[in-house]
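Per Swiss-Prot, these features apply:
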| type | residues | note |
| --- | --- | --- |
| SIGNAL | 1-30 | signal peptide |
| BINDING | Thr152 | Ca(2+) binding site |
| BINDING | His157, His161, Asp167 | Zn(2+) binding site |
| ACT_SITE | Glu158 | active site |
| DISULFID | Cys173-Cys186 | disulfide bond |
Amino acid sequence: MRMTRAASALAGLGLAVAAALGSVAPASAAAETSTPRSVAAYEASTENAAATRAFQEAVMKAVAEKRAANPGALAVTVTYDASAAPTFRSQIASSTSIWNGAVSNVRLQEGSNADFTYREGNDPRGSYASTEAHGRGYIFLDYAQNQQYNSTRVTTHETGHVLGLPDTYSGPCSQLMSGGGPGPSCTNAQPDSAERSRVEQLWANGLAEAAAEVR
């Protein structure tokens with residue numbers, strides 16, 4: 001999912017972030033220079049489903065190796081590295097807390113040997129979940145985008161892709177994955193019951209185990 005920064009696209013997550021986040025871009029912030037292999041764009045397009053799947057597969061492959069080493073674990077632990085997104089440490093921590101409080105079959109945890117990473121910078125495409133040339137999954141958080149929209153919602157939404165959820169553009173504000181559908185007044189950063197149930201269902205059978213089918 002990509003968060004567009006164009007003023008005409010305020011039908012995006014569209015959440016007044018200035019109050020929630022303030023200025024997040026350090027004066028020395030450099031623009032994002034890496035070229036994603038695929039981007040799960042914010043606005044609906046024919047590329048979104050494939051891009052989201054590519055991102056999820058990258059994470060699943062990394063997690064599958066860990067699950068194979070500990071098949072008896074009651075919950076799958078997905079590890080992330082937030083060191084490349086220091087400006088958003090609070091939002092990432094909130095996203096982790098939200099998801100860990102909402103579901104029980106999968107846990108998000110910061111640590112080494114990460115399954116995916118968070119990054120920050122400037123990008124005209126806004127924020128998005130993607131994969132790099134080596135197939136590793138990452139979430140990119142754009143400075144201007146996270147001033148324009150509610151930063152915790154943006155971060156928690158993007159993290160929802162890690163857990164297997166696609167974008168649902170026509171959904172209401174109560175759906176975390178609804179993207180730009182609800183308009184600028186929506187500040188909800190919590191998954192709804194259907195989203196929680198879907199994540200639980202996916203990971204109850206070990207979403208990571210399904211990675212064997214896409215290797």
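Cβ coordinates are placed from backbone N, Cα and C, and glycine is handled just like the others.
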Between His157 (Zn(2+) binding site) and Cys173 (disulfide bond), how many Å separate their Cα atoms?
12
Closest to His161 (Zn(2+) binding site): which of the recorded positions Thr152, Cys173, Cys186, going by Cα position?
Thr152
When DSSP is mapped onto helix/strand/coil, what comes out for His161 (Zn(2+) binding site)?
helix
Reported as an integer number of Å, what is the Cα distance between the residue listed as 'active site' and the residue listed as 'Ca(2+) binding site'?
10
On the three-state reduction of DSSP, what should I expect for Thr152 (Ca(2+) binding site)?
helix
For Thr152 (Ca(2+) binding site), identify the closest of the recorded positions Asp167, Cys173, Cys186, judging by Cα separation.
Cys186
What is the interatomic distance between the Cα atoms of Cys186 (disulfide bond) and Asp167 (Zn(2+) binding site), given in whole Å?
16
Counting other Cβ atoms within 10 Å, pick out the least crowded of the binding-site residues His157, His161.
His161
